Amino acid sequence: MNQIKSIFKNTGWLSVSQVITSICAFLWTIIIARYLGVSDYGIVSFAVSFTGLMGIVMDLGISTYITREIAKHKDLVRKYFNNIFLFKLILAIILFILSGLILYVMGYSHLTIIVTLVFTIELIFMSMTTFLNGVFQAFEKVKYQAIGAILNSSFLLIGILITLGFDLGVISIAFAYTVAYSIYFSYMFLSYVKTFSRPHLELDTNFIREVIIKSIPFGLTNFFYSIYFSIDIVMLSYLAGDYATGLYKSAYNIINVFTTFFVVYQSVIFPVMSKFFKESQNLIKVSYELSVKYLLLIIIPISIGIFFYARPVVDLIYSNQYSLASTPVQILIWTVSFLFVNGAAAVLLNAIDKEKTVTKIYIIAAIFNVCLNLILIPRFSYDGAAIATVLSEILITIITLYHIFKTDYKPDLGLLKNVIKLIVCGIILFVALYYLNLSLWFAIPVGFIVYLISLFITKSIDDNDRYVIRELINR
């Protein structure tokens, strides 16, 4: 139970950070979208997605691999840091040059190239920061990551406000992102020096080669995962133009507000599961089952609420010039429930050294997603891209669960019963919102009460859950 307290303590740090960063993100999303308009917002959206794909090449799965290995062997932290930090610096320079060449060959506009290259500089700071975050996660010291994220969001919001106040344009938006992440990186680097030691950069080629080889499965997983989450925006930009891209990205931003919760939970639970794999088969199984249950308990009512109130939410955030984004929001919101289930399963498989299996799953999903986008985007534009994403998540769910049931960590029948109970609670909420037909602000408290009552009626909260809650309260 001490480990559960540790999990929730770290989750608490990241959750507080996420609340603050989400508020900042909510504000700068509104400011950027309204200030730039749909077409220029499409340019920024493409730049972010393009650099996101390039970022996978820069990381190569190293951050995830190191988190797992340091969680098991904490005495190796300095060796990993001293070697990998220098290697990533060299790789960053190569990546920047390569990005410029790719954009030029693809024939993008001068403005798009400049904006994307500025975001590539931000990506360099982001990749180095992700590496540092992985080190602290391995030691379950996520408060540094939480504070750094708050600094990043705060300075980014300030930069966006300055851009708006002086009407500096889309390039300055990109510079604001870059400066903010450089501050985040600086804080994390100084925290590392304070917590561990001043780095002494090394270039042990044999050690680096070994790390790269063992990181490749994680890197391939991240790459193909990003393909089906980011390639749709790149393909939309190429096939449907900046306007469609801007609408789709605005819808995606709303969905990302909810997916970030899983990112927080994953950051905490992965090193813990890796340690459990070394210590206790039962504990890692319980961690997985509780993860699925609690993640679904949270996201099911949110998904239903967003489905019903997508249009007023979009209008509230972006203004009515983005109203067409409400349909992809209604479609994309259903990816979140599957994403939570798939994400928990991927964490389990990675923790038990089944990362190659995860890689194969996401290769299949990426190919499936690209094929669907090629078929659906020309016919349905941004709605087609949204449909492709949902179908890809469903495919991942089917394949991932198949592989988990082949391991010693397959969930008990109790998890299936819990999931069914939560689905029933969701159906009750869905029916209530459909027939009550309330406005957004009345639907929130009424929906919360209806869902809470349904949880007690179906006995979705059992004795184990109450025990966990009591332990957390008493900590």
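Even glycines carry a Cβ here, placed using N, Cα and C.
As recorded in TrEMBL, the features of this protein are as follows:
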TRANSMEM  12-35  transmembrane segment
TRANSMEM  41-62  transmembrane segment
TRANSMEM  83-105  transmembrane segment
TRANSMEM  111-132  transmembrane segment
TRANSMEM  144-164  transmembrane segment
TRANSMEM  170-190  transmembrane segment
TRANSMEM  211-231  transmembrane segment
TRANSMEM  294-311  transmembrane segment
TRANSMEM  331-349  transmembrane segment
TRANSMEM  361-378  transmembrane segment
TRANSMEM  415-434  transmembrane segment
TRANSMEM  440-457  transmembrane segment
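The transmembrane segment (170-190) shares the most Cβ pairs under 8 Å with 41-62, out of the stretches 41-62, 83-105, 361-378, 415-434. Between the transmembrane segment (211-231) and the transmembrane segment (41-62), three or more CB pairs separated by 6 or more residues in sequence fall under 8 Å, so the two stretches touch. Taking Cβ pairs closer than 8 Å, the transmembrane segment (12-35) reaches residues 41, 44, 142-143, 145-147, 149-150, 152-154, 156-157, 160-161, 163-164, 173, 246, 250, 253, 257, 260-261, 264, 267-268, 317-319, 322 in its own chain, all 6 or more past its ends. Counting residues 6+ beyond its ends, the transmembrane segment (331-349) has Cβ neighbours under 8 Å at 221, 251-252, 255, 258-259, 262, 266, 269-270, 273, 284, 288, 291-292, 295-296, 299-300, 302-303, 306-307, 310, 355, 357-358, 361, 383, 386-387, 389-390, 393-394, 396-397, 400-401, 403-404, 407, 409 in the same chain. For the transmembrane segment (111-132), the partner stretch with the most Cβ pairs below 8 Å, chosen from 83-105, 294-311, 415-434, is 83-105. Remote same-chain partners of the transmembrane segment (415-434), defined as residues 6 or more beyond its termini with a Cβ less than 8 Å from a stretch Cβ, comprise 289, 292-293, 296-297, 300-301, 303-305, 308, 443, 446-447, 450-451, 454-455, 458-460.
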